[in-house]
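As recorded in TrEMBL, the features of this protein are as follows:
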- A:Cys22, A:Cys47, A:Cys107: [4Fe-4S] cluster binding site (BINDING)
- A:22-423: domain 'Nitrogenase/oxidoreductase component 1' (DOMAIN)
Amino acid sequence: MTISNENKLTFECETGNYHTFCPISCVSWLYQKIEDSFFLVIGTKTCGYFLQNAMGVMIFAEPRYAMAELQEGDISAQLNDYEELKRLCLQIKKDRSPSVIFWIGTCTTEIIKMDLEGIAPKLEADIDIPIIVARANGLDYAFTQGEDTVLAAMAQRCPDNKNYPSKNAIEPTTDAIHPPLVLFGSLPDAVVQQLTYELSKQGITVQGWLPSTRYTELPFINEQYYVAGVNPFLSRTATTLMRRRKTKLIGAPFPIGPDGTRAWIEKICSVFNITPTKLDERESEVWSSLENYLELVRGKSVFFMGDNLLEISLARFLIRCGMTVYEIGIPYMDKRYQGAELLLLEKTCREMNVPIPKIIEKPDNYNQLDRIRDLQPDLVITGMAHANPLEARGINTKWSVEFTFAPIHGFSNAKDILELVTRPLRRNLNLNEVSSEMYSSRY
Amino acid sequence: MKLAYWMYAGPAHIGTLRIASSFKNVHAIMHAPLGDDYFNVMRSMLERDRNFTPVTASIVDRHVLARGSQEKVVNNIRRKDKEEKPDLVVLTPTCTSSILQEDLQNFVDRAALESEADIILADVNHYRVNELEASDRTLEQIVSFYIRKAILSNSVSKEKTIKPSVNIIGILSLGFHNKHDLVDLKRLFSDLDIEIHQIIPENASVHDLKNLSQAWFNFIPYRETGLLTAQFLKEELDMPFVDITPMGIINIKACVRQIQSILSNLGSNRDYEKYLSDQTKYISQAAWFSRSIDCQNLTGKTAIVFGDATHAACMTQILSEEMGIDVLWSGTYCTNDEEWFRKKVEPFCREVVITDDHNVVGDLIAKTEPNAIFGTQMERHIGKRLNIPCGVISSPVHIQNFPLSYKPFLGYEGTNQIADLIYNSFTLGMEDHLLDLFGGHDTTDVLTNTLTADNDIVWDTSAFAELSKVPGFVRGKVKRNTEKYACQKGYTEINLEIMYEAKEKVNT
Ligand code: SF4
């Protein structure tokens, strides 16, 4: 392969006409993560319909979530917001007795300027349950950014020595050789264990996670604590932790893929002046265990349409696996929060001797489909709206939402990422006999 | 505000999108925030559509909030006009546009000046109508748009087709088994020697709408979508219509007889009576099935029905009149169609329920404890929790309700498929009940340590005779459970007493 002239990252911005999930979808994984929570989405039938269908069968498992469906009287302010919310929250308290109620603001509450932040503290005092407001609406955010708005709001509620001096506020003591470290980002418990374990092997103690499995167990966050993100879409949370809680952010690549995990640990170690041990071995061990998958992907090309903000990290990992990335679509690009990840992407491209992909912020799906037709990539990572039509045109697709639900962090889950990425390739190899002639039209 | 976990009918814009995307070469542009194009996912997933769903959004974001959509909507319409060259663009408002109160009609007028495509603004208000009402309204709106246009330019054809012919109105995307129903409707009309003139909106071209009038009459298979259009065509072009859903033997008869009378009014005398009785006797198995011994066992069994007005009403009638099942109550979430629904089902059930609150439905099911439920996916899950079998007969549905195999609900083949559905729901329930009665479902350790060969347990003659009276499909299980019990107790011979003891003990 020739060395590309493109050895600098380029950023473009299109029209923002792309498909993604509404950020209120974050309730579906956050209510499961935070076991004593209840999520109340204050919106319309549109929001409810989306959640009902997107959650699939989860909706029948008595989820700790509900809509506060706004009626015409709420819109025209004939009804009193405070009284209405009080009525619903008392009902929730009675039926479910949660430790915290999250109010998810939506497009409608934005447009009619419902003062959720103003009402919450009063009602909280009134009914004696913490109420946290997160405005995760489609006017401002895309998909996983919903979690970001919720965690940013939660970050304000983490106890510290100033605000909780009386409540057994003994700061958790450790014999750590480094200042306290808190990680942020919602991950399945098993993955939390794995990452905590990897750090402990370097002598690093994790003081706590935002979020924890219960609201009542939110970690202490004091000034000058160190914090590090585990997901690329958490820039508001990072900002809040830095500005409001006066913590120090460790800007690192994200622990996705063995390369990312290693870089993440290395960066944390370097901040704490720790020389990492055996990381090299650990990483190459993982790579060699992936060889079967790597054989399948090496030399193949991939196109990210962009909808969940994991795109930069995944692209960086796939390039390290030997793939070529044509385009990285992404809803929103925080160049500061993702700075270290972007540098690693650049470096990876140089080392693997492949052109640096274009990063397209706020992509235009229509234009992208045009480019896909020209490029004929081996794999398109995309939302479900485009997956079946592309498959029908002979283009392999992997739907992107799965990357947000599968465990993809840390050394041990690199296999899961490749399992997802290669699934369409493996499946379609097996189907050659039946599928070659039934496509509607080739692209 | 209303605390809601689940809704039966979606928001209005879904109805409009279902109509627009069912037509050929019609593009819908939603005036909506990022994330409201979930419709595309549903269509691509549930219907496994091979084509890109012709729906895009003109995105409402912060800038739009501050300064209004301004040129954005107009530009988006013009852009789609150039890119896709649609015949018609339907600008679709959402809950967000309902409260922004922008003058969308103005955008439409301006875009229309420069576009090749026709452009209309869907006349649906999020806070006033639901998905089903909106689909009815949008279909009427599109049809009347083209009919009026044709009237103005004098291009509505006054000629009827030579042979009797019909328009089928209301087959649309994401409709419950609509595609399968259409196959059976085609067969029905071909049997009746009636030409199908047009099918709308499924795969229809808007340019053909001006020729709708060439058909002799219109046919509306489902009440939820199409009635408004049929009424409009009656008023505007004096076209008669049939709105009896041919679901179940009795309704098919009524439907065909009405068709016969319309045709005879128009001067074509047909006699379908022989056809009806032949079909009932030989093609549909349902009539014979109701007489067969199996069905006798369903006598006095209880059921409840809940769904959209069309399916719930027909199902209630089938259960009661064609199967002799006791329908404890029958209900619909189509609250706007209450009057018709009551009148239609009152003779066939003990009570009528009109609600769109699934909690009310759930409580009623728990209270009335029917032997089987016929409802939507929601009732199926309620049934699961209460251990009552459920046949799904109406939207809202999941992907498993878009089967690849042929499963119509309408027409004579539909009667067979419904009979299977009913029968399977009830036998499933009975099987379950019997299993419980004879010692539960638990098979895990039963197989390993209670096989007769492994231990020296013998059955005495009377116990063995009793065992052989247990229905075949559970006999093995009863045998094993009894032996397991005997084994635990250290008995080596099973007599009647031990058998009954086992039945009692293992049960608890
Ligand atoms: S985009 Fe806005 S209106 Fe639509 S589902 Fe999301 S919050 Fe609700």
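Each position is counted from 1, following the chain as shown.
The backbone N, Cα and C atoms fix where each Cβ goes, glycine too.
Values in this document were obtained by computation on a predicted structure and should not be read as measured data.
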Cβ-Cβ neighbours of A:Cys47 ([4Fe-4S] cluster binding site) (radius 10 Å): 27
A:Cys107 ([4Fe-4S] cluster binding site): tally of other CB atoms within 10 A of its CB: 31
Mean of the pLDDT scores, which run from 0 to 100, over the domain 'Nitrogenase/oxidoreductase component 1' (A:22-423): 93
A:Cys22 ([4Fe-4S] cluster binding site), number of other Cβ atoms within 10 Å: 28
Per DSSP, three-state class assigned to A:Cys47 ([4Fe-4S] cluster binding site): helix
Coarse DSSP state, helix versus strand versus coil, of A:Cys107 ([4Fe-4S] cluster binding site): helix
